[in-house]
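Colleague: Got a structure for you, written out below as C-alpha cells; questions coming shortly.
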Amino acid sequence: MGTVVHAANKEANGSVPTNKNVTVVFVLGGPGSGKGTQCANIVQHFGYTHLSAGDLLRAEKQSGSENGTMIHNMIKEGKIVPSEVTIKLLQRAMQESGNDKFLIDGFPRNEENRAAFESVTGIEPGFVLFFDCSEEEMENRLLNRNQGREDDNIETIRKRFKVYMESSLPVIEYYNSKGKVRKIDAAKPIEEVFEAVKAIFTPIN
Ligand SMILES: Nc1ncnc2c1ncn2[C@@H]1O[C@H](COP(=O)(O)OP(=O)(O)OP(=O)(O)O)[C@@H](O)[C@H]1O
Ligand SMILES: Nc1ccn([C@@H]2O[C@H](COP(=O)(O)O)[C@@H](O)[C@H]2O)c(=O)n1
Ligand SMILES: [Mg+2]
C-alpha cells in the first residue's frame, strides 16, 4: 500500500543518480503528538531507520557546526530552519544508515521543505503517517516531557503551534489531496495508537 520505489534517486550531491531503491514514510503531526514515540515502535517491529529532523538539527547544533547559532535561534523561536541545511543532514543520515527504509519524522514542515526535498533527492514518500491530536493534549504532553528541550516552554510551544497551523498543516493537506495521508487518532493511549499504526504498516511489510 502506497510504497513508492525509486529507480533513480539522486546522490547526496544532487547530481549522480543511483539505482538504489528507497522507501520513505513522512511522519507528521503537531508538536507533542507522539511522532518520536511511535517511530521508536515502528523501528522495532518493521525495520525502518528513524530520522527525526529536529533531532538531527539539535545534534548539528551540539557538534559546533557553523550553523549552530542559527539553528539554536530558530529552534528557540519555533521557526523552520532553511531547507538546504535540514536536507543535507537527512541525506547524510540516510547514506550512513545503510538501510533503504526510512521514517522521516517532523519533515517536511513547510512548503519549502517539501518542494526542496523532492527536487534535491527525487524521492516522493510512499505515504504520510499523520498523528492527529488536540492542541490541549499536545500542550499538556510537551509541558510534562521533561527531556530538557529548550523549546518545551509555554512561550515557544505557542509559537510552534502557530507555525504548525500556518505552515505544516498545508503540507499535510497537499499530500491528502494526493491520497497519501494515513491519519491516526493520536490522542489515545500509546499502546492503542500503536495498534492503529501497526494496521497501516503490516500489509506492506
Ligand atoms: N499517546 C500518548 N499518550 C500520552 N502521552 C504520550 C503519547 N504519545 C507520546 N506521549 C508523550 O508525550 C510526549 C511527546 O511525545 P513525542 O516526543 O513522541 O512527541 P513528538 O511528536 O515527537 O514531539 P515533537 O514534535 O516536539 O518532537 C512524550 O513525553 C511522550 O512520552
Ligand atoms: N523540518 C524541520 C524540523 C524541525 N525544525 C526545528 O526543530 C524544532 C524541533 O523539531 P521537533 O520535530 O523535534 O519538534 C522545530 O520547532 C524547528 O525549530 C526545523 O526547522 N525543520
Ligand atoms: Mg519528536
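Cβ atoms here come from the backbone N, Cα and C positions, even for glycine.
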Colleague: Given that TrEMBL annotates Lys79, Ile80, Val81, Gly106, Phe107, Pro108, Arg109, Arg149, Arg160 as ribonucleoside 5'-phosphate-binding, name the residue from Arg58, Arg92 that shares the site.
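Modeller: Checking Arg58, Arg92 against TrEMBL: the ribonucleoside 5'-phosphate site match is Arg58.
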Colleague: Per TrEMBL, which one of Lys88, Lys101, Lys188 shares the ATP site with Gly32, Ser33, Gly34, Lys35, Gly36, Thr37, Arg145?
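Modeller: Record source TrEMBL; matching candidate: Lys188.
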Colleague: List nothing but the one residue from Ser33, Thr37, Asn113 whose Cβ has the fewest other Cβ atoms within 10 Å; the candidates are the binding-site residues.
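Modeller: Selected from the binding-site residues Ser33, Thr37, Asn113 on minimum Cβ neighbours within 10 Å: Thr37.
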Colleague: Cα distance, Thr37 (ATP binding site) to Arg149 (ribonucleoside 5'-phosphate binding site), nearest Å?
Modeller: 15
Colleague: Closest to Gly34 (ATP binding site): which of the binding-site residues Arg58, Ile80, Gly106, Asn113, going by Cα position?
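Modeller: In terms of Cα distance, Gly34 (ATP binding site) lies closest to Gly106.
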